Every structure is written in structure tokens, then in C-alpha cells.
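Visitor: Below you will find the structure I want to go over with you.
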Amino acid sequence: MFWIVLIVILLLALAGLFFVRAQSEREWMREVSAWQEKKGEKQAELPEIKDGMPDFPELALMLFHAVKTAVYWLFVGVVRFCRNYLAHESEPDRPVPPASANRADVPTASDGYSDSGNGTEEAETEEAEAAEEEAADTEDIATAVIDNRRIPFDRSIAEGLMPSESEISPVRPVFKEITLEEATRALNSAALRETKKRYIDAFEKNETAVPKVRVSDTPMEGLQIIGLDDPVLQRTYSRMFDADKEAFSESADYGFEPYFEKQHPSAFSAVKAENARNAPFRRHAGQGKGQAEAKSPDVSQGQSVSDGTAVRDARRRVSVNLKEPNKATVSAEARISRLIPESRTVVGKRDVEMPSETENVFTETVSSVGYGGPVYDETADIHIEEPAAPDAWVVEPPEVPKVPMPAIDIPPPPPVSEIYNRTYEPPAGFEQVQRSRIAETDHLADDVLNGGWQEETAAIANDGSEGVAERSSGQYLSETEAFGHDSQAVCPFENVPSERPSRRASDTEADEGAFQSEETGAVSEHLPTTDLLLPPLFNPGATQTEEELLENSITIEEKLAEFKVKVKVVDSYSGPVITRYEIEPDVGVRGNSVLNLEKDLARSLGVASIRVVETILGKTCMGLELPNPKRQMIRLSEIFNSPEFAESKSKLTLALGQDITGQPVVTDLGKAPHLLVAGTTGSGKSVGVNAMILSMLFKAAPEDVRMIMIDPKMLELSIYEGIPHLLAPVVTDMKLAANALNWCVNEMEKRYRLMSFMGVRNLAGFNQKIAEAAARGEKIGNPFSLTPDNPEPLEKLPFIVVVVDEFADLMMTAGKKIEELIARLAQKARAAGIHLILATQRPSVDVITGLIKANIPTRIAFQVSSKIDSRTILDQMGAENLLGQGDMLFLPPGTAYPQRVHGAFASDEEVHRVVEYLKQFGEPDYVDDILSGGMSDDLLGISRSGDGETDPMYDEAVSVVLKTRKASISGVQRALRIGYNRAARLIDQMEAEGIVSAPEHNGNRTILVPLDNA
């Protein structure tokens, strides 16, 4: 009957709601019609009622609450009916609860029916209401369990679950001997668990005095323990449990598992007191994830790790928990360890014997819980990761007895003859002969010349060489034997042992700048010093710590693992600009797979670019070069002050910068022997060229090195105008640049003829011959002089360095001819002492041709825009991933593996200081024929050497050109009635003679011979 009435009421409520809805619609329709009539609009333009009617949130909310209430009571009624029906069917003879047995004053059913019907009905009503309330409580708990909800904490339920103290049977621990570290860790863990249990008991019983906790029942004799009654620990525990009480008072609820046992409310099972007391800790462990069951703590978080992999895993967990605190699950053990920071070390300075962790006596297990409680089966074991106590005594091994070293019997040196101790004066000419052998023997000639020859003479006595002793007493080689074409000079101290290690023959041959004359020694005093440069600058904030390197290594492994490429970072090197991480691919992983992920890895790591080094010399791993967050400034003075630059003997030493580890990088242009520099605009190419020029100015005097500078941009190299090292003014016109290169070719031919006449193989040998003759007071005449009766004497020839700042512009002006001149210089100019430094910002195949690349093996690539440009310069990729601002790849001669170098910065202020300093010591000695295209008189017999025999019609062709003042191949061809090839050879011969200029960009040539001389 009740349900019928409830359903009728619900239907009436729905009908009332619909009626109110219809009334509202009619009212709204009436208002809209009135408004439209006022506006004069048509009725057909009215919107639809259902689409335009305003919403009534109050009606919807009322309807929702009414339906929800009806469904709830309907569900509760069905559940109660099913419960009562199943209870009566399954347990027909259920005993009467004890509470109803004590009702002596309640009349029976028969008495009440016969005597007083009203009393019986009231008793039955009270009993039914009590049963319904009890069933409602049961259904609420069941509904909460099914819906995975929380119910408020009821202390009476917890007290009912607690058994008496007599039911708890203590377990005696079994002790065994363990190490000090294990004892410290086990003692801490056991003490914390015991403390937790005792304080929970005291908290629930409202006790003020907390009993003391012992670590074990039977401790070892003489064991010194810091007990839990220590004042410091007591204050810590008081603060901890005050905070814990507030947490319990604010939110005290249980978490239930989704499983529910259907039992009678009066059927309870035995539960251990520890489980009921520790239930709040399990509740907090499962509360973070919003689940009903309490998760067991993560054992891996408490383990003590020592290897690299475990350390990296721990770092990852820490970083994830710091970044996402809302997603991390905080276990009960972690919460307790945070609340008790002072109680981590409770052991003294003695060995402790404690039960191991496998025999833990504090294992707590709940088997079953009645009346809808959870079924737990977990271990509440607290593990705290702590090292051994810092003040614990460690048993040291016995000291190793010291064994006295046996005495070594060293025989005394043999006596030295008096002949080697007497003062000796070398004869005349010995100093010059000794100087002539410096470049070949490389002995300590300076010590001999300065008076230190007595020590070396005394050392000869140990070898017993009488022949050398005789030569040291005055029997020297004659000057004819020391200098001549038929025999080679022998150094008198050739067999004397030297304190320095002997140099290789290749180094001696290539070190063309080691020779110095007497005049050079005087001029070298005026070389610039590093005081003209800015001091080195170091930024401590740009260095990376070991922790950052380790974190980056872990990130690299993780990011590559995301792309299914498993690698291992084995080492890292941090430099001023980049950091190289050496990775070892796993078995079966190809290096090309890492190379293909270059851009993806850079994007994943958040850096601008990454350079993958496929092969590292001397190692079996690959390299990943990542840019540093901040880069160091590398000053040029830092490279000049390094031992690598200061101890270099070559006059053509170039300071490049620092490598990836911060070590200075220098190279010798004489061994290069030519250098090709390429890079895009803004990559640091011009600054690198300035650093190279300053390196040679700091090393060589004008008598040793002369320069020809070609600067099409008229900005970079023009600041060197006026220094004494220049052979000609800085060339800014490309027409004159072709003449300068043509002069260099003629100078190369001249030097080759002179070296061939002198019988030497390089410029250093030629200068030695000149020095030897000057030491004897002789002069060697020029064999190719125009005045054979009175030839001019030969002088020392300096090195010539041709610097071209923009090679592409020079190629565009006179491409084919310039390419031929550059190729000839690159092929043959090394032995003649002429070296090239070519720089360009357009590294394309039409500028850097194959003929030029084949003759210039030493190359420097700054940042380029594409892989094609990198292949054009280095014949391999990599330059497109550079960082710019001086970051370069240096390809040394004789190797195919480029070296990454960070170029040194040379400011304009430093360059101006050095230039002004050099201008103080004299004006430059320019050679006029360099830019005019003419030649010196002594080269008239040399200039035609490349053409073999002279053409019989050459004089006629010259006459035709001078008369017509037109140097064209077609004009000579028509005038002399010859073929095109022969006429072209005649014009080229005139160009070599300096009669006509090189062809311009339009092909025209200029007559260089004045009209008066025609």
C-alpha cells in the first residue's frame, strides 16, 4: 500500500510540474505576441516556442531532486525487502539478540493481545523501528562499500574490533650477528615501528605518560643505546603526534576494499589490535590515488643503491615527484619519516646485534574482518634508508709492518780527464759553421755558442770517443768542406748527446721558420707583446657541474630510448662552448640510426642544434656535442700565453682557439701549406682571419714574413695598412688583385731557379747558404743578373703569405685565370716559401673548384647553411650544425677527421693597438711591380720558362699589339694570319711578360707598356 501511495504522489508531482510548464509557455507566448504587435512585425516571423522559450532552472532542479528522492527510497525499500526475505529464508532459527532477552517488563504477544491491544502494537512498532534502523545502517555501509565511498570514523566500531590484551601473544625475536651498517638500519626501523605502536596505544587510551621503548628484549652486554626517552627525541615525538592528532581530528575515515562479505551484523571475527590501530596509516597510503585498498609501499624507494643505474633511477623518481606533486603517492612510511627527522640515528659507538630484516617481529597481518570491514593482507614494514652511524667505530685491518728498503750500491762516476776541464777558445769561423747546421742537426748550438760547450765536452768522456776529443781540441773541418756543392758539412758536435729529444726529420724539413740571422735577433726585440691585447676573461657561471652532466646523460639515454635506440653514456667532456657526451650504442644498434635522429634529439632536449660525431679517434664510441647554456669568451691573449704557442719555433704559427675541452689549438702554416676558410656571413670567418694575421705578427719580424692582403670588402684587412710586413698596399681592386697573384707566380719561378742553382730543396736551405756565405765575409752574386760583370748579391728571402678575405669576388672578376694562378701557387709554392690563406662566404662548387680543393688539404669550415656547403668544404657533413660566432671545424693536413675548435676573439681595438705599435718601427717597403703587373729586370729570363721555346712570330705580335693598342686574340690572328690557338698563346706570353694585363670581366685587356716605349 505504501508503494502505491508513493507512486501516485510521484505521478501527481510530475503532472503538476508539466502543468506549471504549460502555464509558463502560454504566458510567454502572450508576452511575445504583444511585443511583436507593438513593433509591427508579422506573426509568421515569430520564433518557435520550443527553441526560443527561456529555461527554468528552478523547475528542472525541483524535478531532478524529486526523481532522485523517489529512486533512492525505491532502491532502499527493495534492498530492505530482499535482506529481510533472505535473512528469514537462510536463518529461520536465528537466536534472539541479547538485548531483547533482558526485556522482562515487555508483555508477550498472547498477553498483549488478550489484555491490551494498544500496548502490543506499541511494542511491536518500537521493535520494528529498531530493526529498521539497524538494517538501514547496514545498508548504508553496504552502499558505501559498493560505491567505493568513505564513511565517517566511528570510535565505537574501532573499539569493538579491538580484542583484549590477553589475546595478543608476544613473539620472541631470534637474534643473530650482523654488520654494523645492518644493525644501524635494522635498529632504526625497529625502533620507529615500536614507537609508532606505543604512541598510538597511548593516544587512543588518552594516556599522558608514554612507556619507554626498548629495541630488543635481551640486548647485548655493554651495548650503549640512545633510548627513545632522550629529551631531544621526546620533543620531536611530541611535535609529531600533535600534528598527527590534528590530522586525525580533521579527517578520520577508513578505506574499504570493493569486496564485502554478507554476514549477520552480530557475527564478528577476531581482529588483531595492531591492525585496527594501524588502519589510519593504510588509509593515508591509499587516499592519494583515490582507491579503496591501501597499496603496499614501494620497496625500491627504500633500497640503498650504489651503482650508476640505480642512482639515475632515484634521480628520475625525485625529479618526477618534484615536478608533479599531485600525482605522486605518499606512503605512510614516507610520511612518518618526514615527521621524525631527528630519530634516524639511534645507535652508539658499539657493535649492535639485531634481528635481520627477514626475521622481523613486527609483521602485521589481518586475516578477516566481520561486519562489512576490509580484508587486509599486507605487511606494514617500515624500511628507512640510512647509512651507517657517522660516529661508529670501524675495525681497521692490522697495520702492515714497514720493511726498510735495501741500500743500493751506486758506483762512483769514472774520473774525467783534465783535458776536458781546461778552458778552451774555439777558433774563428766555428760560430758560423755551427749556426749553419741548426736546421738539420737541431743540437744545443746556443749553449755551445754561449760558453756551455764545456759541459757537453765533459760528457763525451763517458763514451770514450777520441776522435771527437781531437776535433774539440782544434781539428775542425775546413771551410770548403763545411760549405760547398760537392760535400756536406758535418757538425763537430754531431755525436754529442743532447738534453733535448731528437726531432723527426719531417719536422726539421717542415720547420722553415726556425732559422734566425743576427739581424733578426735585433729586430725580434720589437715584436708585439700580449700587453697590447685584452686580458683573458673567465665566467664561472658558464661552467657545468657534475650533477648537470649526469642529469643530461640520463636525459639523452631516455630520449633516445623513446625512439627505440638504446645507448649508454660512458663519458662527458665539458668545454667553453659545448659539451661532448660519448655514447656507446647497444648491441645491434647502428650508428646511422643515431645520426638520423639528430634534429629530433635536438628538439627533445631543447637545444638549437646537436652534432653527431660518428667516429672518435682512438675510441669505440660515438659522440654527441650539445651547446652549453652559457658560453665562455675566448680571448686571443689566452692562446698567445699558452705553452703551445709560446714554444712554437715556426714563424708561421697560427692561433686558432680552443678545442672542446678548453685546450689551446695552434697550427703551422708552413706544414699546411695553404689554408681554405669558408663560412656564412656572421659565422666568425673574418675574426678568425684577423686572429691568424695577428699570430704571425706576434711571431715574425718583417725580415722573416711579408704579406700581400686582398680585401674586396675594403673593411676587414684595410686596418693593417702601413705595417712594415706588407709587400704592397692592401689591395681592394680586383683588377690589381690578379696582378698581385701573377707577381706571386713569377716570384715562385724566380725562387725555384735560385734554389736549383744553390742546390737546396726549400727556402730554409737557401737562407742558410746565404748566412754561411755572409759569415765567411763572402757574397753570392745573382746568377740571373742583367749585368753579369757586376751582379747584385743575393739576400735572404722572406716567407710570403697571401691573404684573400673574399675569394668569391675575385673568382667572379676573372674566374678562369684566377683559378689557374691559384692552382699553380697551391701546387708549387710551398718549397718557395709562398703560402695562401683563402677565405670566402659562399662555399659553392663554382668558387671552391675541385682543382683548388685538391691542392689545399688544410681547411677550416665555420657555420654554413646546408649540408651541401659542408660537403663542398670538408667533403663531409657537420658544419651545418655549428653554433656560429667562431665555432669551426678544423681539418688538419693528412687526416680525414675534422677537429672542433672554438675560435679566439680578436676585437678591433686589439688590432688597432698592434698596428700602431708596429708602425713605430719603420715604414713598409713596398714592391712597385706587384700591382702594376710588371716584373723586375732579373726575371726577364725566367718569365718564359713555362712556355719552353719562344714563338718566332712573338716579336711581330708584340709590334702589332703596341701599334694598334688593342690586345685581342682575333686582332693578332687577322694581322699575322695564324690560327686561334697560336694567337692565344702569343697573348698569354705577352701577359706573362707584363706587356698586357689580365683579361677583365668583359674580356678586354689593357696595354701596360707606355706609348713612349712602343
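Glycine is no exception: its Cβ is also placed from the backbone N, Cα and C atoms.
Got these off Swiss-Prot a minute ago, pasting:
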TRANSMEM  1-21  transmembrane segment
REGION    89-142  region 'Disordered'
COMPBIAS  121-140  compositional bias 'Acidic residues'
REGION    283-318  region 'Disordered'
COMPBIAS  298-307  compositional bias 'Polar residues'
REGION    487-525  region 'Disordered'
DOMAIN    662-871  domain 'FtsK'
BINDING   G682, S683, G684, K685, S686, V687  ATP binding site
Visitor: Tell me, roughly as an integer, the mean pLDDT over the domain 'FtsK' (662-871).
Guide: 89
Visitor: In sequence order, which residues at least six apart in the same chain have a CB under 8 Å from the CB of S686 (ATP binding site)?
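Guide: Result: E716, D805, A839.
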Visitor: I'd like to know which of the binding-site residues G682, G684 has the most other Cβ atoms within 10 Å of its Cβ.
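Guide: In terms of Cβ crowding, the pick is G684.
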Visitor: Residues near the ATP site, G682, S683, G684, K685, S686, V687 excluded, by Cβ within 8 Å of the Cβ center?
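Guide: Near the ATP site, the remaining chain residues are G679, T681, G688, F862, G884, Q885, G886.
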Visitor: Could you check what DSSP calls G684 (ATP binding site) once collapsed to helix, strand or coil?
Guide: coil
Visitor: Excluding near sequence neighbours, so keeping only residues 6 or more apart in the same chain, what lies with its CB under 8 A of K685 (ATP binding site)?
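Guide: When sequence neighbours closer than 6 are ignored, K685 (ATP binding site) has V677, A678, G679, A839, Q841, F862 within Cβ distance under 8 Å.
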Visitor: Just checking, which of S683, V687 (binding-site residues) has the fewest C-beta atoms within 10 Å of its C-beta?
Guide: V687
